[in-house]
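Here's the structure, in structure tokens; my notes come after.
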Amino acid sequence: MIIEIDKLQLYYTDFHALKNVNLSIPERSVTAFIGPSGCGKSTLLRTLNRMNDTIPGVRIEGKVDIQGRDIYSSDMEVEFLRKKVGMVFQQPNPFPKSIYDNVAYGPRLHGISKKSELDAIVEKSLRSASLWNEVKDVLKKSAWSLSGGQQQRLCIARALAVEPEILLMDESTSALDPISTTKIEELTRELCQNYTIVMVTHNMHQAARISDRTVFFLNGEVVEASDTQSLFSNPVDQRTEDYISGRFG
Amino acid sequence: MRAKTVDRIATAVIVCVAGFIILLLAALLGYLLVRGLGHISFDFLTSAPQALKAGGGIGPQLFNSVFLLVLTMIITVPLGIGAGIYMSEYAKDNKLTAFIRLIVEVLSSFPSIVIGLFGLLVIVNTFGFGYSLLSGALALTIFNLPMMVRLTEQSLRSVPKEQKEAGLALGLSRWKTITSVMIPVALPSIVTGSILAAGRVFGEAAALLFTAGMSSPRLDFSNWNPLSPTSPLNPMRPAETLAVHIWKINSEGLAPDAPEIAAGASAVLVIMVLLFNLGARWLGRVVYRKLTASK
């Protein structure tokens, strides 16, 4: 288990957003968080790379271990954590720079300056994000000239370039067209051979299609967590069954 | 039908107002240029003014204006950007920051003559900097800093949250995210703010009367040692700027061609502001392109 969450409580000032979450996430697999809006799935995702730190009024109790280290302990450097735990957002958000510079951005700021080394990282990352063949001749062009789906794959490449172990995807296909969505889904399946992927999705079918394990959230609680097939075919909890059969949310 | 009529009337009124403003601006600019352009020559731009005879120029004043601008911006821009970064990214939302923000607002609407008097009392007398370029630059810094701070703060706040998060999620520290992700995106607005601040430096007279002084010593433009009193680069010498010169000539000029000199100097001032605006915009675009799109 690469991620172990133990009795996690999270409050936004007065609002109790995550209630006693216990969860383990296995290495090199795709785990999907599903549930209606406001159920806490994105909040939990953002505790895994401590992006919630930037929101004032957040209070956390309990423990989150990643690779055996408590990420909320005082000796954890948040920059180091975020290198290990990359993130892809809902809206494609490439920097207003060239395609090459977007991917080389992280490695450069983390101290790699040799051109040949950067070239290699850029190519490898773009290949892993299955974008290389589309952009290899236009690496100097602005990233904003790409289509939405390409931009999102560029963001994946940018995240991969700093060599993370875990990749968080926060509804990363919800702003994309169906063809781009399919591409990202296929990519997700490929990437999980080398990376641990945790994704939040609004789309139950997407979770059923590409995840190995699915976690169902409701009102800040984990209702059910199991392997995807049994969660969708044989839900244990009545609320899970109601949700996946479309009775609410 | 009625809504359409109202719409037409509103459009007509707005077009009239806009036309009136453009007309006013064109008339003002045309008047200044028509009266002044005839008087501008290479000699006028480079020679020293004459107290009693006709034919004096505005060379030292022109240089003083530009030099004072550079000095002021060297002090104002880093301070303003630094404070703006603090206000938008580091300051917590509490009573103290609200208070600082209020002070900045108040300071930005301070009458410049009051800043001039403050400069006279504190910078010129108490600090003992005398009537000097440095005193003038410090007074103008007080004058311009609030605007610089506010503009930087606003331009950083308007950087999309997604860009900031992208930087943080790559494991960049907060400082690196600000300097390498957010500032490049905010740069065009920061440049615009600096241009506005610079324009005020060119045009300001009241705050300078008591700080940079109303006289210019004989300058030796072949002497570039900044410590020498006759060197144009010496920041501790008194320096009459173009705007102050125009005011002085109009109110107490004794030269027979004083009105022509004032007209010529006014035209030069307007042209300088225009050139500076265009130049700074061009520079901002170049830098922005360098920092953002492909090299």
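Every residue, even glycine, has its Cβ placed from backbone N, Cα and C.
Copied over from TrEMBL, here are the features:
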TRANSMEM  B:12-34  transmembrane segment
DOMAIN    B:62-280  domain 'ABC transmembrane type-1'
TRANSMEM  B:66-87  transmembrane segment
TRANSMEM  B:99-123  transmembrane segment
TRANSMEM  B:129-149  transmembrane segment
TRANSMEM  B:181-202  transmembrane segment
TRANSMEM  B:261-280  transmembrane segment
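For the transmembrane segment (B:66-87), the list of distant contacts is 97, 100-101, 133-134, 136-138, 140-141, 144-145, 147-153, 155-156, 178, 190, 193-194, 197-198, 201-202, 208, 212, 232-233, 235, 239, 241, 272, 276: same-chain residues at least six beyond its ends, Cβ to Cβ under 8 Å. Same-chain residues lying 6+ beyond the ends of the transmembrane segment (B:12-34) with a Cβ under 8 Å from its Cβ atoms: 263, 266-267, 270. Outside the transmembrane segment (B:181-202), and at least 6 residues removed from its termini, the chain residues within Cβ reach (under 8 Å) are 65, 68-69, 72-73, 76-77, 80-81, 89, 140, 143-144, 147-148, 151-152, 154-156, 158-160, 163-164, 166-167, 172, 242-243, 269, 272-273, 276-277, 280-281, 283-285, 287-288, 291-292. Long-range Cβ contacts of the transmembrane segment (B:99-123) within its own chain (Cβ-Cβ under 8 Å, at least 6 residues beyond either end) map to 87, 91, 129, 135-136, 138-139, 142-143, 145-147, 149-150, 204, 206-211.
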